[in-house]
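Look at TrEMBL and you will find SER308 tagged as active site, nucleophile. Taken from TrEMBL, the feature Zn(2+) binding site covers HIS146, HIS255, GLU499, TYR537. According to TrEMBL, the feature domain 'Neutral/alkaline non-lysosomal ceramidase N-terminal' maps to 57-564. Annotation comment: TrEMBL describes 576-670 as domain 'Neutral/alkaline non-lysosomal ceramidase C-terminal'. Under the heading transmembrane segment, TrEMBL lists 9-30.
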Amino acid sequence: MAISLTGKLVITFVTLAVIGGMTALIVLVVNESSEEPVTTPTTTSTQAPPTDPDVLHVGVGIADMTGPCVEITFMGYAELGQSGQGIHLRQFARAFIFVKGDTRIVLVTAEILAVGFSVRRAVVQNLQERYGDMYSLRNVIIMGTHTHSGPGGHLVDFLLDVSILGFSRETYDAYVNGITNSIINAHNNVWPARLVFGRTRIANGQMNRSPYSYEQNPPEERARYETNYDDELTQVRILKKNGDLLGVMNWFSVHATSMNMSNHLVSSDNLGYAALKLEATLNPSRPIGRYQPNIVAGFFASSIGDVSPNTRGARCEFSGDECDNQFRLCALFERCFSTGPGGDMFESTRIIGERIYQGALEVLSSPGEELGEELAVVHQFLDMPQQTAPRYDPISRSFSTNETVEGCVPALGYSFASGTTDGANILNITQGTLGGNPLLDALGGALAPASAADVACHHPKPILLATGRANFPIPWHSRILSLSLIYLGGFVVAGIPGEPTTMAGRRIKDVVGDTLIQNGVEPRVVVSALTNEYVHYVATFEEYQVQRYEAASTLFGPHTLEIMLHKLQQFTLAALQGVSVPPGPEPVDHKNSTISIILPVVMDSAPLGTDFGDVIEQPPATVRRGETVSAVFVGANPRNDLFQESSYLEVQRFELGQWVTIATDSDWDTM
């Protein structure tokens with residue numbers, strides 16, 4: 001199997017079959033220095049008080065959702081050879097429940113690429129078995145952080161799972177169980193609370209990877225902003241009535257792709273690092289071994305569509321020349337991809353994660369603005385090819401009543417096959433492709449033929465795959481998406497089921513913000529990407545015209561964003577006025593019709609002459625700070641037990657006559 005960028009892989013955790021058994025390599029990096037912990041008031045009581053219907057209550061919870069860490073292909077880069085070989089960072093789900101009177105809202109950030117309707121539906125079913133109709137598809141809103149280093153096979157739509165070799169029941173169950181448990185933990189940890197809003201800017205935390213597309217937006221619109229990416233970190237902190245910190249939610253626009261295509265270790269990437277670091281700071285006395293911090297710190301992806309953490313930019317693999325897979329190409333079989341800012345992907349993950357963590361800590365240390373206690377959640381399923389909306393004018397920031405636009409049946413353009421500079425493609429298929437290719441047209445037409453209406457609707461996108469027309473063995477893409485809006489006392493979370501580009505996110509903030517202003521509410525708005533489902537990208541109409549990767553991956557045609565903008569304007573009014581919207585047509589869950597060629601664990605036994613647990617290579621007796629410690633022992637296949645809420649390893653230190661656990665496989669210092 002072809003593995004990309006193997007020269008960049010510096011530290012590995014490899015599980016190899018040895019005479020029918022498995023050998024595990026454990027790596028521990030000993031810190032150079034210890035930071036002084038930040039003292040934060042914490043509550044010793046674990047018993048939440050009963051709720052008062054006239055008072056805002058908030059619950060926080062966290063749960064391990066780590067999937068199978070070996071042999072299952074990662075979801076994100078569509079690299080068939082990128083299957084798991086161990087753990088860099090465990091995956092966690094962090095849940096926040098808001099309750100007042102009869103209104104209840106669940107907001108979850110899950111460390112996966114995206115959630116998918118089937119996973120969310122299963123989570124809701126689990127909750128309804130426990131709590132009746134308290135939780136539903138309307139008020140349970142789940143976001144993915146978009147890490148590209150988690151096992152896939154859970155999204156069910158055929159095109160989204162085909163690169164994983166089909167549906168993975170192990171991954172699916174792990175994610176459903178972890179997300180469910182995080183919500184249960186939050187449900188059992190609800191307190192009278194108040195909310196405080198704040199924001200800051202983070203320098204050197206990202207770059208725009210498609211500046212040519214961004215430049216297509218009107219100059220009058222671009223002139224309103226200093227950068228071609230959104231560098232604002234938005235935060236809502238949750239305080240108990242006595243002032244103790246209960247939880248914190250942060251939104252930032254960056255792809256969780258610091259870990260590149262050569263990575264084979266499950267990792268929550270840069271946002272995961274920021275969450276772990278902030279929770280370690282806020283919970284200085286948390287017990288090691290079972291990761292259950294009292295204060296939960298969630299990080300959510302925002303307008304990430306054209307934003308990369310790889311701040312050195314894209315260069316050709318061998319020549320080192322600058323490239324963009326459109327105007328500046330590499331030689332044939334020489335890949336174009338981005339790196340940085342660190343010397344390897346682990347260092348880059350830490351650097352970007354550290355900058356995000358520092359920004360969150362800065363806001364947390366500032367006074368902030370008190371939010372109100374009003375709650376509302378608006379959710380609707382949209383059959384996108386049936387949707388119409390008035391055209392949006394980004395210069396006047398208004399909708400035209402004289403022109404109507406419509407959605408299209410899902411389809412992917414040619415430049416979808418080019419990938420992005422956060423990944424790589426060995427053939428250097430170019431971005432910005434506006435014309436067809438007879439051979440690819442024939443192949444695409446045989447797999448998923450587009451109708452004449454599809455071609456006209458998606459223009460100028462040349463359709464590579466009309467995925468909305470393909471239904472074998474199950475639909476390749478659903479026509480129905482989930483759109484949501486949450487109102488938290490004057491703060492609005494616009495939930496987008498894909499990856500909005502920077503300008504798409506800015507227009508969402510404009511439309512929702514202007515609606516708030518017109519109704520006497522200060523415009524505090526954040527865009528939350530990867531919400532409830534995955535529908536690829538959301539580009540602006542102008543960006544769509546030049547068909548770089550993000551536009552070619554905008555499934556529902558050039559007016560996708562305008563339809564969402566119009567709906568979000570209606571949702572904002574509904575939230576403010578306390579009215580409901582129709583639920584819309586619920587998608588069909590095809591989980592039980594999926595196919596898979598993922599092999600099970602065929603045999604799991606210790607090598608000849610050994611037993612499970614036998615140490616093959618002992619760590620040194622004495623180490624210094626900064627050194628790397630490794631141990632090799634006979635281990636079983638991790639797919640046989642995912643060890644959720646546990647650990648495959650413990651690092652212990654001999655202190656005062658006894659061995660004390662100082663790290664597990666959920667810590668940054670272990671691999």
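Every residue gets a Cβ built from N, Cα and C, even glycine.
No curator has checked TrEMBL annotations; they are predicted automatically.
Between the residue listed as 'active site, nucleophile' and GLU499 (Zn(2+) binding site), the C-alpha separation comes to 12 Å. Take the CB of HIS146 (Zn(2+) binding site) and look out to 10 A: across all protein chains shown you find 24 other CB atoms. Neighbouring residues of the recorded Zn(2+) site, listed in sequence order and excluding HIS146, HIS255, GLU499, TYR537, comprise ALA301, ILE304, GLY305, GLY498, ALA529, LEU530 (Cβ within 8 Å of the Cβ centroid). Contacts of TYR537 (Zn(2+) binding site) defined by a Cβ separation under 8 A and a same-chain sequence distance of 6+ are given as GLY305, GLY498, GLU499, PRO500, THR501, TYR549, GLU550, ALA551, SER553, THR554, LEU555, in order along the sequence. Sequence-distant neighbours of HIS255 (Zn(2+) binding site) (same chain, 6+ residues apart, CB-CB distance under 8 A): HIS146, GLN206, ALA301, ILE304, VAL307, SER308, PRO309, ASP422.
For the domain 'Neutral/alkaline non-lysosomal ceramidase C-terminal' (576-670), DSSP puts the residue distribution at 8 helix, 26 strand, 61 coil. Taken together, the residues in the domain 'Neutral/alkaline non-lysosomal ceramidase N-terminal' (57-564) have a mean pLDDT of 94 on the 0 to 100 scale.
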